[in-house]
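Peer 1: Could you have a look at this structure, given as structure tokens, before my questions?
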Ligand code: AP5
Ligand code: MG
């Protein structure tokens with residue numbers, strides 16, 4: 001399929017319960033629109049944990065317990081990554097980020113998966129990069145729970161598989177590198193329920209924040225296959 005030109009930069013956030021398919025939809029959007037890139041806060045944190053960085057060591061217990069890592073920690077991590085990708089100027093600091101939107105918004109098009117998650121994080125991000133579409137993904141909780149047990153991941157890249165729906169070509173192996181797939185440490189049912197509760201507490205003020213800005217779009221479906229075509233359609237309407 002030919003690459004479609006964007007008429008303006010797409011700066012998108014995916015918001016949804018743990019396991020709703022944020023990572024899955026981000027991968028599909030990038031396949032459909034190759035000029036998009038994606039950043040997952042969960043993948044960044046898991047890399048930091050695996051590499052035993054000071055931040056990773058601090059974040060690990062929060063993640064294992066299913067709670068959110070502190071706002072200042074995730075903000076530091078994200079800002080470093082935004083600078084590395086040149087999506088914000090290298091001189092940007094969190095303390096001098098004001099409430100005025102930057103006039104030199106980046107021309108890059110990207111998806112943020114899992115960040116921001118609290119209204120504090122959202123306000124900080126507003127001052128760094130103006131987001132122009134917030135996708136709220138909604139799927140019934142009982143359906144999501146069934147999927148988590150079947151989820152396998154390629155930890156170094158964050159690629160996600162599911163033995164029931166999106167099988168790897170070779171059992172237990174990543175399609176691209178052939179490396180082994182693993183389970184996420186926070187995917188037990190009990191921890192997932194804690195993550196879900198946390199999501200329910202924090203998402204309402206977060207979504208309200210973006211609703212007021214007029215950039216919120218909600219999409220509902222029982223499966224990612226139901227959601228993807230709607231998401232592609234909305235994306236094309238807004239950016240192509
Ligand atoms: P994070 O990694 O962001 O986890 P999450 O939000 O809990 O979401 P998941 O990654 O579990 O799910 P997903 O929506 O990406 O679903 P997926 O596509 O994999 O965060 C982890 C932790 O990091 C947090 O708990 C927190 O501690 C910390 N953290 C991260 N960001 C933070 C922040 N901003 N502030 C503070 N702390 C932060 O899909 C799920 C499964 O379903 C897969 O197996 C998939 O293949 C399958 N699937 C998808 N579609 C279908 C379908 N149609 N049918 C069947 N199966 C399907
Ligand atoms: Mg994910």
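Positions of Cβ are set from backbone N, Cα and C atoms, glycine also.
I grabbed these lines from TrEMBL:
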BINDING   19, 20, 21, 22, 23, 24, 151, 160, 161, 224  GTP binding site
REGION    40-69  region 'NMPbind'
BINDING   41, 46, 67, 68, 69, 114, 115, 116, 117, 121, 184, 195  AMP binding site
REGION    150-187  region 'LID'
DOMAIN    151-186  domain 'Adenylate kinase active site lid'
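What's the neighbourhood like for these features in this structure?
Peer 2: According to DSSP, residue 21 (GTP binding site) is assigned to coil rather than to any helix or strand.
Here the region 'NMPbind' (40-69) has long-range neighbours at 22-23, 26, 76-78, 81, 112-115, 117-118, 155-156, 158, 184-186, 191-195, 198, 202, meaning same-chain residues at least 6 beyond its ends whose C-beta is under 8 angstroms from one of its own.
Taking a C-beta cut-off of under 8 Å and a sequence gap of six or more, residue 67 (AMP binding site) has these contacts in its own chain: 194, 198. The secondary structure of residue 67 (AMP binding site), as reduced to three states from DSSP, is coil rather than helix or strand.
Tertiary proximity for the region 'LID' (150-187) is limited to same-chain residues at least six positions away from its ends with a CB under 8 Å from its CB atoms, namely 19, 23-24, 27, 40, 42-43, 46-47, 50, 63-64, 66, 195, 223-224.
Per DSSP, the secondary structure of the domain 'Adenylate kinase active site lid' (151-186) breaks down as 0 helix, 12 strand, 24 coil.
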Peer 1: Between the binding-site residues 69, 115, 184, which lies closest to residue 161 (GTP binding site), Cα to Cα?
Peer 2: 184
Peer 1: The domain 'Adenylate kinase active site lid' (151-186): mean pLDDT?
Peer 2: 94
Peer 1: Could you give the Cα-Cα distance between residue 21 (GTP binding site) and residue 117 (AMP binding site), in whole Å?
Peer 2: 16
Peer 1: State the count of C-beta atoms found within 10 angstroms of the C-beta of residue 41 (AMP binding site), not counting that atom itself.
Peer 2: 20
Peer 1: If the criterion is a C-beta within less than 6 angstroms of any ligand 2 atom, which of the binding-site residues 21, 23, 69, 151, 184 pass it? List them in sequence order.
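Peer 2: Among the binding-site residues listed, those whose Cβ sits under 6 Å from ligand 2 are 23.
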Peer 1: By CA-CA distance, flag whichever of 19, 23, 151 among the binding-site residues is nearest to residue 41 (AMP binding site).
Peer 2: 23
